[in-house]
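J.: Quick one: this structure, given as structure tokens, is what I'll be asking you about.
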Amino acid sequence: MGNAGSYVDLLGLMKESARSTMGDHDAGDYHGGAGADDGYGSGDVDEDDGPERVDGKAWRPLSRKVKIPDDILNPYRLLVFGRITVLVLFLVWRISHVNTDAVWLWAASVSCEIWFVLTWVLKQLPNLWPINRVAYIGVLKERFEENLKGRSELPGIDVFISTVDPEQEPLLVTANTVLSVLAADYPAEKLACYLSDDSATLVTLETMAETAHFAKLWVPFCRKHSIEPRSPERYFGLTRDPYKDQVRPDFIRDRRFLKREYDKFKVRLNALPDLIRRRSNVLNAREEVEAMRQFHLADDDIQIQLLRKKLSRATWMSNATHWAGAWLHPSQDHTKWDHAGIVQVLSLPQGCHPQCESHERRNGMPIDFKEVDPQVPMLVYVSCEKRRGYDNNKKAGAMNALLRASAVMSNGPFVLYLDCDQYVYNSQALREAMCFMIDHRGENVAFIQFPLRTEGVNICDRYSNRNRVFFNVNMRGLDGLQGPVYAGTNCMFRRIALYGFDPPKFNILYQHHTVKVSRPDDEKPLLVHSNLPGKSKWLKRFGNSHLFLDSIEDAENQAKPLPYQPEGKSGHKPVVQCEALTQEMVREAIGVVSCGYEEKTKWGRGVGWVYGSLTEHIVTGYKMHNRGWSSIYCIPKRDAFRCTVPINLTITLHKALWWATGSVEIFLGPNNAIFAGPRLNFLQRIAYLNIGIYPFTSIFLIVYCFIPAISIFTDQFIVKSLSVIFLAYLLGISVSLSILGAMEMRWSGITLDDWWRNQQFWMIGGTSAHIIAILRGIVKLITGTDISFAPALKSGQNNEEELADLYVVKWTFLMVLPITIMMTNVVAITVGITREIFREKHSWGKLIGGVCFSIWVLVHLFPFAKDLVGRRGKTPTIVFIWSGLIAITIALLTLSINPSSAAARLDFSGSFSFP
């Protein structure tokens, strides 16, 4: 593995006991707000949020709200309420005009329409007060770095990255994410990166060791030449001219050298699995030889013990010791679900003011880092202990373990969580988030949510994988209330908010519910629930790690917002400089990631990420908002993070199933927003309620999609006749929806294609994944059976054909129902037109209504049908067999509802003559 061995051993401690009780940035001051493609927000600043004046001097804030012009929002709000009025009048008209010829069809359609109106209103109301924000990174740098003689007083940030399986999540993708974090524009001594490996595989650890080694070149190279993006795979794969805007004469030489080093790095990563296997085979063979020699010299008991040792084929580390995690050949205490806890420190900053030196010459190509800080932030590999009989609580449990381990090692007051495929696209994203967190009004902010931006999706984005309507419209609307929801990744937290404490703004309002922890007189108290006075009660809440408990107060103090200082000082309490990492801290970190540490504590219930839901991120954010915290939506000019995963039809449907199942769990469980406390904003409550109920729309949507086909088969329609009033209502509802979409495009920056794809996937997801999610949620509620999902496949290599993964269609049971709907409507249109042509007494009005209705359904499902056949038409035959049988069954059932009239309508025996 080259030089990786020495890094693997650096401060590495393993717990082997069976169990433990434990575009580009602007260079000026202004930066942030909505970009050119994100709608209004880069201009007019709200006058009510102007600079404060203290002692006659202007106070320059770190962030501000940006007002969306009233001439855009007021017509939008007016049209929303106007459309609500039209919908209510339409429902009143529909209820009062019963179709006596088909009461059952009328009742089904009216029930669906009532539900659609209700859910649309719930979805639309939280979008009426959208805002934008700007961050002043130049002011942040001026206050925390420029006036401090080279020191930085920025608070620390701990970055959490999780990976589950190296086979499902390619290690090259994870390594690039880690490299982009280590190279972020933030002081190296204030930044720490923690990787959680759920599979406890040695190949992941040695990949991180190689990553830490390569980072010693990549990180200072990025700082020296202001590289964007800072993922080497994405940077070296850019199609634009890499030498544009580069003025340093040594850039070309440095870039070529880094490109060669990166290619070598990838070769080493690809060789790691085979290297580990060959190394383990050699060392196991040596042990077997030694065991056989001892076998003939020992008595019977020792012979049995040696035989067992011989049969267990261990996985070996580069320092010739057994790997404490999962072995290539699983053995007792060395499987994916049964292994020791592991903490390995792979890199550490060399001090706050190192002597910069030129890198040694390699292959005759020198690289000079004299003008930049060559330090690499701390990188730590963590794998939680797992034992049979203990629930590891999946992703939420891994994040809580990282939260505790980081507290005893680096204790950054802010925590950023990223998925293993979310690399840093904007190197100043961390600074921008910090502008909101430590501003003078940021003390009640629990987390900063960045939008999710996806790469690897084709330009038409057939399944709305970019989800820009949600991230540009809905989340921006929530930002004007109590804040956006936690979307699961790309989110920076205030550490004490994750610990379950109340926000400072409730010090006075809720004093009778809180007690004050001992603090200096000039500092605000940290709120702790009244039933937890004293340190002994804290042990029951957080566990028995005294080092962890001691870290809470320090994290709270360092996260305090920026007070006003007219003298031009930083205005922030001096941040404790990075402590030297000791063996005791690492041992304590191993203790707090043990499988039994959370027993009889509040972890997962009132502290940290919440357990018991597939969408633990939604519940975690909901708990914070319910305690009174707020959140902020940050949309930088340049995307903060990007995802490298191409998503095809099958993966999209399973992702929709995952999200919808979690939403059903929320609605049917104790975290339903109906039961929220008084600190939750009313419209915020509606937003969370809508998150819980949106999968149930699928029940009505599926019925509504079959109604046009049933109407054609039975020669009926949802209304008695296509009257002018009915058509006027339909026209008004459709036109108002289109105008609302156009207005949202204007202030949010989404495109017509984004809006239309979102409408189509509402139909695709509702007729496939959401109905299955309801069934799974109900089964879990009744039986208590846990629901598990495999991680989504992620691509770590370039395919021979661009976006080839998009056309890979794998059979899934989620495809049956939407295909059945499409085939049923196609058959119905064919039957209806054929019947109307060859009948004596025509009834084109009802047929036209049913046919238009069916076309509406088919147009919404068109992306599904288009990708179902794939690029080369390779669709499983079983899909069409099952769907055809179901469609024929539905047609026969509808014709049998009124067999006498149906026979009369379809009697072709002697009524027709051909020309």
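Every residue, even glycine, has its Cβ placed from backbone N, Cα and C.
Automated prediction, rather than curation, is the source of TrEMBL annotations.
Annotation comment: TrEMBL describes 76-96, 102-122, 687-711, 717-740, 761-779, 811-832, 844-865, 877-897 as transmembrane segment. Taken from TrEMBL, the feature UDP-alpha-D-glucose binding site applies to S162, E169, D198, K394. If you look up TrEMBL, you'll see K395, D419 marked as Mn(2+) binding site.
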J.: Same chain, outside the transmembrane segment (717-740) by at least 6, Cβ under 8 Å from its Cβ: which residues?
T.: 76, 79-80, 82-83, 86-87, 89-90, 93-94, 97, 99-102, 105-106, 109-110, 707, 711, 845-846, 848-850
J.: In sequence order, which residues at least six apart in the same chain have a CB under 8 Å from the CB of S162 (UDP-alpha-D-glucose binding site)?
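T.: Sequence-distant Cβ neighbours: L195, S196, D198, K395, A398, M399, L402, Y417, D419, C420.
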J.: Select the range from 76-96, 687-711, 761-779, 844-865 that forms the most Cβ-Cβ pairs under 8 Å with the transmembrane segment (102-122).
T.: 687-711
J.: Can you tell me which of 76-96, 687-711, 844-865 gets the most C-beta pairs within less than 8 Å of the transmembrane segment (761-779)?
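T.: The stretch with the most contacts is 687-711.
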J.: Which residues, given as numbers and ranges, are at least 6 beyond the ends of the transmembrane segment (844-865) yet have a Cβ under 8 Å from it?
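T.: Sequence-distant neighbours of the transmembrane segment (844-865): 462-463, 649, 705, 707-709, 711-712, 715-719, 721-722, 757, 759-764, 767-768, 818, 821-822, 825-826, 828-829, 832-833, 836.
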